[in-house]
Amino acid sequence: MVNTMKTKLLCVLLLCGAVFSLPRQETYRQLARGSRAYGGCSELRCFNGGTCWQAASFSDFVCQCPKGYTGKQCEVDTHATCYKDQGVTYRGTWSTSESGAQCINWNSNLLTRRTYNGRRSDAITLGLGNHNYCRNPDNNSKPWCYVIKASKFILEFCSVPVCSKATCGLRKYKEPQLHSTGGLFTDITSHPWQAAIFAQNRRSSGERFLCGGILISSCWVLTAAHCFQERYPPQHLRVVLGRTYRVKPGKEEQTFEVEKCIIHEEFDDDTYNNDIALLQLKSGSPQCAQESDSVRAICLPEANLQLPDWTECELSGYGKHKSSSPFYSEQLKEGHVRLYPSSRCTSKFLFNKTVTNNMLCAGDTRSGEIYPNVHDACQGDSGGPLVCMNDNHMTLLGIISWGVGCGEKDIPGVYTKVTNYLGWIRDNMRP
């Protein structure tokens with residue numbers, strides 16, 4: 001039985017109709033005996049990975065926000081220090097105009113007759129609400145806000161800086177020339193974010209190839225948690241970047257020891273839910289991987305990124321050609337797959353295996369005699385990337401996690417949904 005002041009406070013606020021956000025560690029699922037029960041919300045209400053709690057038989061809800069996010073529905077990103085493009089998606093906390101004036105709260109009664117205010121029905125979608133942060137709800141040239149000048153309300157652009165042009169997700173793509181079972185042989189310059197993770201043998205000298213990985217910044221590699229079920233200490237791991245051939249050294253490859261191995265604390269080794277891990281590369285300076293044509297970080301997605309169903313994406317890795325193959329591929333391979341609708345990414349289509357909201361499905365929809373070679377991930381590809389083109393940059397959508405066989409017709413592969421873990425990634429990458 002749990003009977004804490006925090007729990008009682010949450011219950012009282014829910015019943016009183018309060019809607020607010022709580023830090024993750026402040027919320028408890030169990031209530032004292034006799035209080036009203038509450039559970040997950042019936043519909044998506046919280047952004048950026050926030051968890052929604054709703055009192056039974058009541059419409060009121062509480063958003064439990066990940067670190068770095070706040071607001072009624074976790075819509076404010078407290079870490080955003082610049083805006084991209086025109087700043088339509090900027091959700092930071094900058095509140096000063098170019099003239100140095102303080103912005104007016106979007107919920108102010110003084111703005112009631114203005115077109116854009118925090119009381120619109122679509123205010124949350126536009127980034128407006130009970131705050132005075134700069135926004136661009138009308139697709140203007142940059143973020144702006146209302147300020148008071150000479151007793152008048154005027155629109156002024158804000159002094160929030162523009163983000164530097166990102167180089168993540170850029171590459172020199174080479175059209176694959178050789179076909180292989182399950183995919184196409186490719187060059188590392190086509191997938192410069194691909195990492196190869198090796199582990200020391202426990203009972204003999206040398207090391208063995210363990211899993212794929214994804215470079216997401218100079219010193220961090222994202223991969224799958226299930227790769228580390230044997231609990232290797234970080235000093236027994238090695239990460240290689242810039243390698244076309246799995247065991248043959250490349251001219252421009254970069255090799256790193258591992259400083260830290262962080263496995264998601266709620267990883268389920270039965271269902272593979274929360275199948276995500278981070279490796280911190282070891283370096284004597286703040287810079288680890290050096291950017292080149294063969295080594296480059298992938299772009300992480302925006303939290304609200306939703307690509308259309310059946311969007312064509314790519315996977316890469318050094319895994320087996322098919323499930324019956326005795327060895328991993330000697331050369332890096334790529335596969336072309338399409339994002340499945342969520343309605344087709346369920347246990348029903350995957351032999352009753354558990355599929356959670358932290359997973360997404362992608363597969364090769366071609367079939368028949370013309371396309372006998374179905375592209376798919378296989379053993380050894382785990383931890384590698386599922387990337388899609390977004391805003392002219394390749395962007396990470398998934399981490400290769402599990403599947404039923406390899407290259408089976410009409411059976412998609414299952415990937416860890418990266419957008420659900422942006423807060424977790426950010427928190428664990430902090431010094």
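Glycine residues also receive a Cβ, built from the backbone N, Cα and C atoms like all the rest.
The disulfide bond recorded by Swiss-Prot for C378 joins it to C406 [selected from C313, C345, C406]. Looking only at the disulfide-bonded residues C41, C46, C74, C134, the one with its C-alpha closest to C163 (disulfide bond) is C134. On the backbone, the CA of S382 (active site, charge relay system) and the CA of H226 (active site, charge relay system) stand 8 Å apart.
C227 (disulfide bond) has its Cα within 10 Å of the Cα of these recorded positions: D275, taken from C168, D275, C313, C406. Considering other CB atoms within 10 Å as the measure, the emptiest surroundings among the disulfide-bonded residues C46, C63, C168, C361, C388 are those of C168. Each residue in the domain 'Kringle' (82-163) gets a DSSP state, and the totals come to 7 helix, 19 strand, 56 coil.
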